[in-house]
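Worksheet: the structure to be examined is printed underneath.
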Amino acid sequence: MQNIFLAATLLGAAFAAPQNPPTSCSAAPQPTGTGSPGTVCGSTTFTNYTVKAGDTLGAIAKQYNSGVCDIAKVNGIDNPDYIKPDQVLSIPANCVTPDNTSCVKPVPVITNTCVLGVGSTYTVKSGDSFSAIATSFNITLASLEARNPQIPNYDLIFPGQVINTPLCPNSVCDSIGTYVIESGDIFYNLAQSNNVTVGQLESLNVNVNVTDIHPGDIIILPHNCHNITASA
């Protein structure tokens with residue numbers, strides 16, 4: 001009988017003892033961004049990716065089965081054509097409905113045949129083509145080819161080669177000075193805000209890698225290049 005009472009006492013004590021609440025596992029931190037898994041393109045997860053030299057959003061999107069515009073949206077990228085090495089991106093991976101079009105602006109028809117103010121030569125870089133160079137100066141391909149009759153094959157150019165760009169007569173820049181790169185600067189935005197082209201910036205900064213600039217770097221920066229009216 002004593003054993004029965006002892007067992008009952010122990011059993012009651014077991015039920016009466018306070019139970020420790022279950023320990024919850026903290027969720028893994030999510031990469032920073034403006035969306036969350038499931039709200040962007042139907043993605044169920046975000047992945048951090050550090051941009052390398054030569055990367056494009058298109059290639060990164062393809063690698064992670066994402067969308068160019070989805071990545072741009074999450075990371076606050078205004079121009080999907082311009083990302084910088086060492087930039088950390090939050091990638092919505094395995095998109096159900098990837099968006100590759102909504103953020104892409106229509107390509108403007110280029111009709112200019114000369115460059116305003118400055119930039120009469122350009123030094124070819126690895127990966128360049130005549131077409132890409134013409135676009136960077138916002139001039140037609142035909143006008144760039146016409147300025148370089150010394151080149152026998154426009155499809156065969158090499159790094160370090162200097163080509164001519166057609167400079168507009170009676171055109172000037174309001175100023176040409178130095179500029180110290182600040183955090184967040186990219187060449188495309190600097191060109192737009194100073195009313196010049198990326199090609200002009202590249203032509204004046206031959207030894208600068210335009211996709212890999214850092215705060216404190218010093219570049220040559222023209223401002224507001226334009227046509228002038230000849231004096232009467």
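FYI, residue positions are counted from 1 along the chain as it appears here.
Any Cβ shown, glycine's included, is placed from N, Cα and C.
The domain 'LysM 1' annotation in Swiss-Prot covers 47-91. Taken from Swiss-Prot, the feature domain 'LysM 2' applies to 120-165, supported by sequence analysis. Under the heading N-linked glycosylation site, Swiss-Prot lists Asn48, Asn100, Asn138, Asn195, Asn209, Asn227, citing sequence analysis as support. Marked as signal peptide by Swiss-Prot: 1-16.
All features noted in Swiss-Prot, drawn onto the structure.
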residue	record	contacts (Cβ under 8 Å, 6+ apart)
Asn100	N-linked glycosylation site	Gly58, Ala61, Gly67, Val68, Cys69
Asn138	N-linked glycosylation site	Ile110, Asn112, Val115, Thr197, Gly199
Asn195	N-linked glycosylation site	His223, Asn224, Cys225, His226
Asn209	N-linked glycosylation site	Ala53
Asn227	N-linked glycosylation site	Leu116, Cys168, Asn170, Ser171
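Reduced to three states, the DSSP call for Asn209 (N-linked glycosylation site) is coil. Model confidence over the domain 'LysM 1' (47-91) is summarised by a mean pLDDT of 91.
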